[in-house]
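J.: Sending over a structure as structure tokens; questions will come in a sec.
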């Protein structure tokens, strides 16, 4: 029933009963006291017994587990007010933080005078992180320095304390969490060098702090060599062998197939230490492991394998964003525009504020060759998250597809500055210089990309192209052979251009028979190119095998009827064949 007293105290109705009037007269009036008469003190509230307090603490923990944060805050406040115990104050601050009352939690922690405890200081810094007050967050975490290798150089004066010592064996080291938060603050302030150093310090302080390694790897903060050095410096517990194997698989994207397969088998073997003996399950079918393997297949050019694996992954977990990103890349390479369209629609519906959603839309438009729209959506992705590497690279590639070299170079330069551990922007800048016929500058950029990731075969292919154009044919042959040696798996259609390039270089060196073998190997793939047919025809022509030359010129012209080189050379081969036949008949 609605309250019609508007907040005023209710007035009892007058009683017409004489007995009720007499009873009321016999009660002392609360508003009238004799002079000198002391006011009656209200009885003190009974203190909470320890059993009741412990029950309420359990209810607070359960409320947090059930995401009933208002209830957790209400009850934790009463427990903290009754005891004043630091653990209860921390429990209240944590409930406030989870309930998104960041200012109130920060005020409570500052007034608790317990910021010497690292837990209290870390939670206060987390509040400042949520409030985007990055400088204050760093001040709260305290002064400390770190070197290039992730070694913390702070002067520990013994003032820091940590009350919760009993939990250290089954939690992530608090100092690791503090280092990670420092890294996030510096990254938000665009100081990526210090962010990288603090992330390295976090993972070194505790290898279980996966978020630190994820930031280093996903944001391309380390070169391939630096990733290997960091991994070798981590000190894992004996029971964490599976984690060491997983981290190894995570960073081995360009290694040989047998090396990577051995690492995945080691991961499967080590995972038995944490799997249930009853279920017999291992990490082989874990979605994170599947995403890691799919990324390796994509880097190796095994796009069909990658697509099949990510399709299986997304059937099990449709919202696994890492797997989704690799799935997008595989769909792009295979030209599955319908799948890209459906995936982009679902992502925009489910995650409208994430960069990957609009990147997926850009991928769809790029796949159907609508590069203006692709650029627009790649740009929207970078606007939502300026540290999303695929969107920057996609923007540059979309500009390059429209022959807009200056804008493409600007996008690649930005990507190279933001992601120093990613060799792709530098590699693509070198490709742009090749397109401009500036081979000296192109070679410098390819060499720089090689210093970042020396195991990527594509770099050696591009260096071979530069050497070929500079008429250094022997060097070009060596570089193309090095490309084939660095391929992580058996040859597939991704490396068909390298085989054709090698055939061209050998033809220039007049090693015709070897050149023919490489051309024929290139033609075994489904993607039969004009260049392979034309190169093979011209090589047979130079060997005076006019019949084979004419045959392959016709095949080349079937792919592109208006190719001027093949048309002219076919005419010349037919004339040469006629002259040769005439000479033989005269003899």
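Cβ atoms here come from the backbone N, Cα and C positions, even for glycine.
Pulled these from TrEMBL:
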{"type": "REGION", "residues": "1-49", "note": "region 'Disordered'"}
{"type": "COMPBIAS", "residues": "17-29", "note": "compositional bias 'Low complexity'"}
{"type": "REPEAT", "residues": "355-388", "note": "repeat 'TPR'"}
{"type": "REPEAT", "residues": "389-422", "note": "repeat 'TPR'"}
{"type": "REPEAT", "residues": "496-529", "note": "repeat 'TPR'"}
{"type": "REPEAT", "residues": "530-563", "note": "repeat 'TPR'"}
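Each of the listed features needs to be described in terms of its position in the shown structure.
T.: For the repeat 'TPR' (355-388), DSSP puts the residue distribution at 27 helix, 0 strand, 7 coil.
With DSSP classes pooled into helix, strand and coil, the tally for the repeat 'TPR' (389-422) is 27 helix, 0 strand, 7 coil.
Sequence-distant neighbours of the repeat 'TPR' (496-529) (same chain, 6+ residues past either end, Cβ-Cβ under 8 Å): 457, 461, 464-465, 468, 473-474, 476-477, 480-481, 483-484, 535-536, 538-540, 542-543, 559.
If you look at the repeat 'TPR' (530-563), the same-chain residues 6 or more away from its ends with a CB under 8 A from one of its CBs are 496-497, 499-500, 503-504, 507, 512, 515-516, 519-520, 522-523, 569-570, 572-574, 576-577, 580.
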J.: For the repeat 'TPR' (355-388), what are the same-chain contacts with Cβ under 8 Å, counting residues 6+ beyond its ends?
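T.: Same-chain residues near the repeat 'TPR' (355-388) but 6 or more away: 187, 219, 321, 324-325, 328, 331-332, 335-337, 340-341, 343-344, 347-348, 394-395, 397-399, 401-402, 418.
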J.: Could you count the residues of the repeat 'TPR' (496-529) that DSSP puts in helix, in strand and in coil?
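T.: Tallied per class, the repeat 'TPR' (496-529) gives 24 helix, 0 strand, 10 coil.
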J.: How many helix, strand and coil residues does the repeat 'TPR' (530-563) contain under DSSP?
T.: 27 helix, 0 strand, 7 coil
